[in-house]
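See below for the structure under consideration.
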Amino acid sequence: LVIVGGGPGGLAAAIYAGRAGLTPVIFLGIETSSQLMTTTEVENYPGFKTIQGPDLVQNQVDQAEHCGAQLFYEDVTKIDATARPFKITHGYENEIMTCDALIFATGSTAQRLDVIGEKQFWQKGVSACAVCDSMMAKNKDTVVVGGGDVACEEASYLSNIASKVYLILRRDAFRASAAMVQRVKSNPKIEIIYNSAVQEIKGETRVNQILVKNLKSGDITPLKVEALFWCIGHTPQTRLLKGQVKMSENGYILVENQTQYTNVPGIFAAGDCCDWIYRQAIVAAGSGCKAALDAERWLASNGGH
């Protein structure tokens, strides 16, 4: 059994598979790519009142190794899933490892706009997950950027926590459904700013101001806020299996109902690479557990290891 991905989905799979005696190999990458690695305080993971994202990942890595997983800090560069055993190409020397079962848990990446100040203030007032980092916005003036259903949903969610929410759209109309648009328009704590884009994020140790450019007039207006959330979409990291397993139009791996099975026997998916709805660490970990149990049973029935 090979697991590709070093986030909570892949690591939970490694823990369960290790405890089942499968001696799984898990590829964590040269640098662990879990979004938790760029998260400061995690306050919604059961068992921890608060924990730093990298510390949570390291705890899971240590537990996976303790349970018998073999850790490879290398990138997987190619997967040949056309026939069993599957071929996994990895590392600088393009070595090939074969396996009878594969759990793919490479996650997704939140899209950002790479404006001035974004990197400097990432997790210091700037985030791409309102549910994960809502405490950044507590009793603060907050910005949400985006015009789709997710942006409207997150603006509505944050309106219960922030003192005020500015919803910034590049266009003069929403892409969201009529019901979601009505929800934000009728919310007295949400102010909608049309035809605009964030030009720069400013602050000292944390965000305290952004510059907003009107895309029609070109005027730039300062806006005093202390939190900003990008809600402009996610990109699933599934290119290694593109054309080999069934995916959605947006590139998310499709799994069979109530399981982590893909349409290819012996290949399972877990975490955000197959979840475009919840995108939470605890959900990813749960799906990693399911994937390991599915893989264990599948291997037992198909004579693999």
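Just so it is clear, glycine is given a Cβ too, placed from its N, Cα and C backbone atoms.
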Whichever of Cys129, Cys152 is disulfide-bonded to Cys132 when Swiss-Prot is consulted: Cys129
DSSP state at Cys273 (FAD binding site), helix/strand/coil: helix
Cys129 (disulfide bond) and Glu31 (FAD binding site), Cα-Cα, nearest whole angstrom: 22
Among Leu28, Cys129, Cys132, Cys273, the one of these recorded positions whose Cβ has the fewest neighbouring Cβ atoms within 10 Å: Cys129
Pairwise CA distance, Cys132 (disulfide bond) versus Arg279 (FAD binding site), rounded so that it is a whole Å: 9
